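Trainee: Below are the structure tokens for one structure; questions will follow.
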Amino acid sequence: TLVLFHEIMQLNNNVTEFILLGLTQDPVRKKIVFGTFLLFYLGTLLGNFLIITTIKTSRTLESPMYFFLFHLSLSDTCFSTSVAPRMIVDAFLKNTTISFNECIVQVFSLHFFGCLEIFILILMALDRYVAICKPLHYMTIMSQRVCGMLVAVAWVGSCVHSLAQVFLALSLPFCGPNVIDHYFCDLQPLLQLACADTYVINLLLVSNSGTICTVSFVMLMFSYVVILRSLRNHSAEGRRKALSTCVSHIIVVILFFGPCIFIYTRPATTYPLDKMIAVFYTLGTPLLNPLIYTLRNAEVKNAMRKFWSKKLVSDDK
């Protein structure tokens, strides 16, 4: 159905490719962009790979919290990969074109893994709420089967959201302008190029992506307020440990949702600041997440030390 719809819409489009202007057109600055974001991307891959590998191989990290952290690192890796490699390569090229089909694929992957990260963050907040507010029922409520079902729902929900974005993009008629003043394809910059009134589509975009970001952020912040209030009934050691975990989660939520809300809850107008804000949530947050979760989590750090010490010993043999 999606392929057929695409073919029908392409009959009304004269544009077969887009030109991405990237972050800058200055040759010197493009070299800086290349070096800086290559390091960012490699750091993202390394940090998230360490977390994924450690959680998969460690017997001490089998609780639901680390199960969700595994999927958060996986979504971070894929989310960053949907944008960073092309951005880095384009910094070296003079002709930075992207085909119509590649643009649509990027829209799908960007929204799929971005939405998946949102849902995983909600599940992590749910996990902390049950662990802190209902500790006696924790293993019953957050059983392995329940956690698996919740993650499966998150993946399906992300797919539905991203398909909605793709259908909106495919419904846009393009008849000439094809220069995207951005470093990746997304619905907002595409709306600027459409040869038709985009009011309704823009309204659908805000009601879809904007609502998901805003409602999820409010839900998460409210849940952490409830969790922090409930810590008054815990021991000093319990409060310290729970507070450390919740603070790291709150930092991630603010860093990710702040830029997303700014981008997706307003009309499709492009500001010079948009690209730098987009850099923060597409490349910055996936890089910061492993640092936040490992530096503030003693269990993860200890598991990493054990894993790599065993790895070094086995390599020496």
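Here, residue 1 is simply the first one shown, and the rest follow in order.
Here the Cβ of each residue, glycine as well, is placed from N, Cα and C on the backbone.
These came from TrEMBL, pasted as-is:
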- 47-293: domain 'G-protein coupled receptors family 1 profile' (DOMAIN)
- 32-53: transmembrane segment (TRANSMEM)
- 65-84: transmembrane segment (TRANSMEM)
- 104-126: transmembrane segment (TRANSMEM)
- 146-168: transmembrane segment (TRANSMEM)
- 209-231: transmembrane segment (TRANSMEM)
- 243-264: transmembrane segment (TRANSMEM)
- 276-295: transmembrane segment (TRANSMEM)
Trainee: Run the contact check on the transmembrane segment (209-231) against the transmembrane segment (104-126): 3 or more C-beta pairs under 8 Å, excluding pairs closer than 6 in sequence.
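Mentor: They are in contact.
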Trainee: At an 8 Å Cβ cut-off, counting only pairs 6 or more apart in sequence, do the transmembrane segment (243-264) and the transmembrane segment (104-126) clear the bar of 3 or more pairs?
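Mentor: Between the transmembrane segment (104-126) and the transmembrane segment (243-264), which are separate recorded stretches, there is contact, as judged by 3 or more close Cβ pairs.
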Trainee: Residues of the same chain, at least six outside the transmembrane segment (146-168), with any C-beta under 8 angstroms of its C-beta?
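Mentor: For the transmembrane segment (146-168), the sequence-distant neighbours (Cβ-Cβ under 8 Å, at least 6 residues beyond its ends) are 2, 5, 64, 67-68, 71, 104, 107-113, 115-116, 119-120, 123, 126, 187, 201, 204-205, 208-209, 212.
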